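Enquirer: Just lifted these from TrEMBL, have a look:
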type	residues	note
DOMAIN	B:50-287	domain 'Radical SAM core'
BINDING	B:Cys64, B:Cys68, B:Cys71	[4Fe-4S] cluster binding site
BINDING	B:Glu177	S-adenosyl-L-methionine binding site
Amino acid sequence: MLASEEYRDIEEKIQRGERLTREDGVRLFHCSDIAWLGAMADMVRKRKCGDIVYYNVNCHVNLTNICTSHCKFCAFGRDCNEKGAYEMTKEQALALVAEAMHDPNLAGLHVVSGLHPTWSFDHYLGIVKAIHETYPQLYMKGFTGVEITHFAQISGLSVEEVLIRLRDEGGLQAIAGGGAEILADRVRDELCPNKATADEWLEVARTAHKLGIKSNASMLYGHIETLEERVDHLLRLRDLQDETGGFQTFICFPFLPKNTELGQSVKQTSVWDDLRTMAISRLMLDNFTNIKAYWVMLTVPVAQVALGFGANDIDGTVHKETILHDAGATSPTALSEDNIIRIIREAGRIPAACDCNFNILRTFD
Amino acid sequence: MDKTKMARAKVEAGERLTLADALALYQDNDLLFLARYARRMKEQKSGKKVFYTVNRHINLTNICSANCPLCAFQVKEGDKRGFVLETDDVARILSGAKELKNLSEIHIVSALHPDKDFAYYKDIVRQVRAALPEADVKAFTPVEIVNFAKISGKSILEVLTELKEAGLDSLPGGGAEILSDRVREIICPKKATTAEWLEVMRTAHKLGIRTNASIMYGHVETIEERLQHLFTLRDLQDETNGFQAFMLFPFHPEHTELGEERGLKRAGSWEDMKMLALSRLILDNFDHIKAFWIMLTMPIAQLALGFGADDLDGTIGEEKIIHAAGAKTNTGITRADLEKFIRETGYEPVQRDTFYREVQD
């Protein structure tokens, strides 16, 4: 390999499969040799999960954009009376899924919503339950650690009780990875003080994993966080994964500034930053099997190249994405399965449609 | 040793590749392997420098007698979208260009107009030369040069000699497409053949006119034809050493006859980066590989700097040809933005003229 002398020690560690330290992670963020970073991450990816690339044929369901959080990085949340605010009724949610069911390969749902000021936990649960009872064949992935924390707060139930009810009554099979942002209270106090703290977010994941419910993890980067905070974020996830083993995939979310409060002072990340962050995440998260290149945020061309930078998961067809398109995402709002398969194949990899727990439904050799 | 291992070993050792090596590497599809060594070769050739130029594109006309199925720019005579720039129009563009700080190049590429004679084109070169004595005139692809020879009854040597006398400094690299007559019969049957394209370049180089070279891939060519194209260019470069930069054009199928008839899809960014890195490795006698940001989009062009490119082309005003084929990039970019993109990659932005001489502020 071709590491400059400066990174030879890290390259050797990676080749031996040795765990990288916080200091290593910070150094990697100062390495401008993106091709070397990519090659390292690609080597680890190949060793760990071979040539399969996972995707879902899924539909995103965002029940409401009315939200009490007012996170500064969000372009989706609205106040009750604000222009563009919406809340779906049970019937509307069912109609959305019915429409998505026109795709005979639809495997499941991704349900993520705002923290509505007057909806009770039972109201959210009622909608999910209705969907699950109408379409029991669809997998149900949904609710971030932020929403679960909110449900516990408004219902007086414990996080564990909320999770059990969502699982037993709503058919919940896996928890979405969002809401982690940067797991550092300095950052959260400034950007999203009204929602789950870092510890609360981690506690939801820990509790879910103990109950046997798998979850995803994520990082929203490219706003006010330092590079050290990015590394610390990855390490907090790695520590919890050591403890529980319940995380399935990790998703890097570059901050999309358009239409957000923060966007006035922060510019969008470059592809260079996106791909090095992807590669470093793969290298630091040595106990995660899957790393997702979320095309909605990265754009399709960047997500495809990201398959060479450690990613082995390209998310799904999505059906109709709204949260990030409010923030100016320039990607399409859905991708056909044919397109996803073509993108994966061009990268020389094997497409595999999977459910929300990475069980393979179909592969294409 | 199997073919792939052998090819990889040659790349690692920095040895010259054969077509068989290139095919093995293409099939191997190890993008990051190619990237790492392409980047090494880039650094051997140009160190930490990444070049760009402040230039202005002029497309004199889109009315074309070649009607290539691959093209979304050309229209037939009588089409209401057709335009031809006359002396006054060009004068207006040039007076605008004069205002650009550090302008170092005028880039002129046009359709093969059915009625305009060679004198018209020569006069334009004289006009640019007179209006902007400091700027380099990079004009006319070999396809246009062959057309000038045909319409004027002059030889390629005579055409190039006269253009040089009028003030032409260099030729752009377009019109190469895929240098295979089987492919050209399908995608551009009425324009310069493989032999003619190469002959123009050879003649230009002999006259001391430096040129670029290019490839347009992702349509009807086979992978072997695509890679052979690179070796054809490498052979001519061995002979003349007149090529400066090589650039890659992924085929944009939107709004083209070829794309519509054959249901072609734009190659993915994986393919773009792979072709870029492979080209850098194969074209070991080319100094520069250009990532033409207007085709790739700026984010992907930035990424290209990690895959062997060392030139981002120019801050361009009013590019029309590629945008007619549905390119979604802006038609211009500021110097400050371009420099920021370059610095972020750990490289150093260098403003150049046509001949890669550094331009000082």
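Any Cβ shown, glycine's included, is placed from N, Cα and C.
Any idea what these are sitting next to in the structure?
Expert: When secondary structure is read from DSSP and collapsed to three states, B:Cys68 ([4Fe-4S] cluster binding site) falls in the coil class.
Mapped onto three states, the DSSP output places B:Glu177 (S-adenosyl-L-methionine binding site) in coil.
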Enquirer: Whole-number answer please: how many Å between the C-alpha atoms of B:Cys64 ([4Fe-4S] cluster binding site) and B:Glu177 (S-adenosyl-L-methionine binding site)?
Expert: 17
Enquirer: Measuring Cα to Cα, tell me the gap between B:Glu177 (S-adenosyl-L-methionine binding site) and B:Cys71 ([4Fe-4S] cluster binding site) in whole angstrom.
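Expert: On Cα coordinates alone, these residues lie 11 Å apart.
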Enquirer: Within 10 Å of the Cβ of B:Cys71 ([4Fe-4S] cluster binding site), how many other Cβ atoms are there?
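Expert: I get 22 for this one.
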Enquirer: Using a Cβ cut-off under 8 Å and a sequence separation of 6 or more, which residues in the same chain sit near B:Cys68 ([4Fe-4S] cluster binding site)?
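Expert: Once residues fewer than 6 apart are set aside, B:Cys68 ([4Fe-4S] cluster binding site) is near B:Gln74, B:Ile187, B:Cys188, B:Pro189, B:Lys190, B:Lys191.
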Enquirer: Using the structure shown, find which entry in B:Cys64, B:Glu177 (the binding-site residues) has the sparsest Cβ neighbourhood within 10 Å.
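Expert: Looking at the binding-site residues B:Cys64, B:Glu177, the Cβ with the fewest others within 10 Å is that of B:Cys64.
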